[in-house]
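*Asks:* When I checked Swiss-Prot for this same protein, it listed these features:
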- R37, D55, N81, Y154, K158, V185, T187: NADP(+) binding site (BINDING)
- Y154: active site, proton donor (ACT_SITE)
- K158: active site, lowers pKa of active site Tyr (ACT_SITE)
Amino acid sequence: MARILITGSTDGFGLEAARQLVDRKHVVYLHARSQERAEEVKTKCPGAAGVLVADLTSVAETRKLAEEANAIGTFDAIILNAGLLYGPFRKTDYGVPAMPFVNVLAPYILSCLLEQPKRLIFIASILHKEAKTDLKDIFWLERGEKEFQDFPAYCDSKFHVMLLANAVAKRFKGTSVTSVHPGYVATKLGGSGATDKMEDGVETYVMLAEGDYDQSLTGVYFVPKKQIGEPLPETTQEDLQETVVKACEDITGIKLPA
């Protein structure tokens, strides 16, 4: 029996993975961005051990989530599942748009502040292969709202979070750090035109959460059906990884543990 935290678990992959892990007798904590969403998900996954509430576009609330999770105890597995795909620029703390905040900065803050788990799973996307790899203006502070386009920004953010995951993997000894492309399915993010099966992605979540794989693997990219995928080669470049880490540290003032 494992203790598991899944961020962004009120719908989609996060919710379905939580349901299956609860059915498999694990102690699962959910996360919702608001109290209203928390009350709703309690009825969708009644076997969950609890629901933590935090808006991951806020540094203060992301810190609070880490503090409340740490108060529960060390987790066996943490799935950093929360993410944004579509939407307006919407400035958040430090002037960062909501999308790169939720997709990159929030996972960075949580990686820094949460007690180190046995397994840490970042949610990537095959769309990281469509990203710009020059890492200029990661958080849109120079380009601003006039140049913002949500789909390219999403692709870039998933490239950035994979670089972050690989940087964390090098630092967190004793933790299997992985990233996963869940698949293109008809969730809130995927939309109605999606072609993959949710179950194929969820079974990968469940495998990684339970540790039903070689946990000496770290810095590895998984895809649906429990398979290891081929990421963009640039995701393995240490200079790019450290550029993302430094950008996150410069914005937040929070240092990633060595």
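Cβ atoms are placed via backbone N, Cα and C, with glycine included.
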*Asks:* What same-chain residues, at least 6 away in sequence, bring their CB to under 8 Å of the CB of K158 (NADP(+) binding site)?
*Replies:* N103, A124, S125, L127, H128, A131
*Asks:* Counting across all protein chains present, how many other Cβ atoms fall within 10 Å of the Cβ of R37 (NADP(+) binding site)?
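*Replies:* Within a 10 Å radius of the Cβ of R37 (NADP(+) binding site) lie 17 other Cβ atoms.
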*Asks:* Within a 10 Å radius of its Cβ, which of these binding-site residues (D55, N81, Y154) has the fewest neighbouring Cβ atoms?
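*Replies:* So among D55, N81, Y154, the binding-site residues given, the one with the fewest Cβ atoms within 10 Å is D55.
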*Asks:* Name the secondary structure element type, per DSSP in three states, that contains R37 (NADP(+) binding site).
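*Replies:* Where R37 (NADP(+) binding site) sits, the three-state DSSP reduction gives helix.
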